[in-house]
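Q: Quick one: the structure is below, and I'll ask about it shortly.
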Amino acid sequence: MIYPIPNSETSTVHFKDVYDNYIGGQWMKPHSGEYFSNTSPVNGLVFCRVARSSSQDVELALDAAHNALESWSTTSAVERSNILLRIADRIESNLETLAIVESWDNGKPIRETLAADLPLTIDHFRYFAACIRSQEGAASELDSRTLTYHLPEPIGVVGQIIPWNFPLLMAAWKLAPALAAGCTVVLKPAEQTPVSILFLMEIIGDLIPAGVINVVNGFGSEAGNALATSQRIDKLAFTGSTEIGNHILKCAADNLIPSTIELGGKSPNIYFPDIFSHEDQYLDKCIEGALLAFFNQGEVCTCPSRILVHESIYEKFIAKIIERVALIKQGNPLDTETQIGAQVSKEQYDKILGYIQIGKDEGAELIFGGHPNNQENYLSGGYYIKPTLFFGHNQMHIFQEEIFGPVIAITKFKDEIEALHLANDTVYGLGAGVWTRDINIAHRMAKNIKAGRVWVNCYHAYPAHAAFGGYKKSGIGRETHKLTLSHYQNIKNVLISHEIHPLGLF
């Protein structure tokens with residue numbers, strides 16, 4: 001099935017010409033009156049204009065968030081939970097529409113937005129609705145005369161900066177726990193994909209008290225920086241590049257603002273020789289696991305962009321990979337048969353092609369792809385790159401630096417010790433994959449890989465109840481899982497003495 005182009009007569013999606021900020025439950029024009037053009041990576045054409053916000057707009061959003069905080073933070077956990085459930089239901093009833101919006105704004109295949117992005121977005125709201133209903137403070141008797149208990153309380157007004165690779169899902173990762181905890185939010189979407197969250201607010205805005213969620217659009221260096229440097233936020237959450245994350249942390253540190261940051265990765269996908277002990281469905285799953293590096297066009301922070309394969313199976317492994325890659329269907333993101341869509345922007349497209357050239361220049365062997373995959377007709381202006389495979393060594397730039405595109409760098413290892421060394425030989429520590437039939441190898445590797453998430457015999461699973469976050473330069477803090485609530489709460493300890501006699505010290 002091929003969905004009609006948005007704004008066409010037969011499409012269910014019609015974008016407005018201009019999108020404003022969403023502040024205090026209302027759509028507000030930017031203070032400067034300026035807007036920026038928003039381009040679809042599907043065809044390279046501008047399809048709307050979006051508010052280019054400044055610090056004045058951020059201040060208005062913070063005013064609204066502060067005004068709403070007292071009421072929202074004292075709303076019962078039951079009512080907050082019910083609102084999150086209603087949000088999930090509303091998204092679910094508009095799933096197909098939002099999937100089209102997300103694909104057009106980002107360039108990803110609609111089969112992914114229909115089957116992954118939107119269902120996971122819905123599930124995260126439902127999960128945190130359940131978490132806040134079941135959260136309990138700890139209480140204990142210290143001695144026969146002293147009782148203590150702990151109260152989780154909303155941390156306050158939260159600034160959230162969202163990346164462009166999963167606009168709605170990454171918003172849900174941050175919004176759901178923050179709202180559940182009783183916080184109010186000022187959210188800044190990525191300027192590359194600003195419309196998805198605005199479309200969402202048109203759908204769910206009536207379910208949320210005014211000022212609880214505020215969306216301010218614009219460039220990171222303007223609106224994003226104003227939010228990150230504000231002294232009026234009580235918490236900052238950011239997902240994006242390590243370079244920008246470093247700047248964000250410095251801004252927050254100047255104001256002693258607690259921060260959660262999820263940054264880059266260069267994740268290894270490790271294949272042990274026993275995967276070839278049988279020609280079965282498991283082996284087929286292993287090969288598919290390697291190609292998951294092309295999921296979302298490789299624009300995933302945990303992208304398994306480094307494949308480490310045992311030298312004894314290298315030739316057989318590569319033959320199967322090439323055979324499978326050649327069958328990948330790339331093209332129209334609105335076609336449900338499409339497996340790889342367009343890169344998010346011209347800037348990202350050029351960056352990826354630049355890294356492909358670096359790989360060639362530094363002597364890596366180009367095994368497959370390595371060039372644009374130009375489309376025809378109305379897709380001709382889009383940003384499409386052929387899935388690319390390189391063979392090289394772990395010190396090359398294409399092994400050490402995050403490309404964020406459909407590029408896999410492959411190398412060999414001789415034993416488990418070398419595999420572990422190669423896996424950990426990176427400044428990043430976000431994710432890793434281990435593929436083996438041997439449970440002992442699986443446990444040893446999972447324990448010793450320095451990464452926040454290790455997938456064993458699977459990859460790219462992101463359930464709401466599994467904690468996500470990085471080691472090393474891949475981030476600080478965790479998202480998803482109930483422990484995320486603690487990032488949006490202060491813990492108050494109450495210590496009560498029922499001893500009537502004084503201490504006798506003074």
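Backbone N, Cα and C define each Cβ position, glycine as well.
Heads up, here are the entries from Swiss-Prot:
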{"type": "ACT_SITE", "residues": "GLU262", "note": "active site"}
{"type": "ACT_SITE", "residues": "CYS301", "note": "active site"}
{"type": "BINDING", "residues": "GLY240, SER241, THR242, GLU243, ILE244, GLY245", "note": "NAD(+) binding site"}
Q: May I ask for the distance between GLU262 (active site) and GLY245 (NAD(+) binding site), taken between their Cα atoms and rounded to an integer number of Å?
A: 8
Q: Cα of THR242 (NAD(+) binding site) to Cα of CYS301 (active site): how many Å, rounded?
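A: Rounded to a whole number, the Cα-Cα distance is 10 Å.
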Q: Which of the three DSSP-derived classes (helix, strand, coil) applies to GLU262 (active site)?
A: strand
Q: Taking the Cα of CYS301 (active site) as the centre, which of the binding-site residues listed as GLU243, ILE244, GLY245 lie within 10 Å of it?
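A: Near CYS301 (active site) by Cα: none of them.
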Q: Count, for each of the recorded positions ILE244, CYS301, the other C-beta atoms lying within 10 angstroms of its own C-beta, and report the residue with the smallest count.
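A: Sparsest of the recorded positions ILE244, CYS301 by Cβ contacts within 10 Å: ILE244.
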Q: Would you count the other C-beta atoms found within 10 angstroms of the C-beta of GLU262 (active site) for me?
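A: Cβ-Cβ neighbours of GLU262 (active site) within 10 Å number 27.
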Q: With DSSP assignments reduced to helix, strand and coil, which class does THR242 (NAD(+) binding site) get?
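A: In three-state terms, THR242 (NAD(+) binding site) counts as helix.
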Q: Would you mind ranking the binding-site residues SER241, THR242, GLU243 by how many other Cβ atoms sit within 10 Å of each Cβ and giving me the lowest?
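A: Checked SER241, THR242, GLU243; of these binding-site residues, fewest Cβ neighbours within 10 Å: GLU243.
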Q: Enter the number of other CB atoms within 10 angstroms of the CB of GLY245 (NAD(+) binding site).
A: 22
Q: Are there residues of the same chain, six or more positions away from GLY240 (NAD(+) binding site), whose CB falls under 8 angstroms from its CB, and which are they?
A: ILE161, PRO163, ALA190, ILE248, LEU263
Q: Please report the DSSP secondary structure of CYS301 (active site), reduced to three states.
A: coil
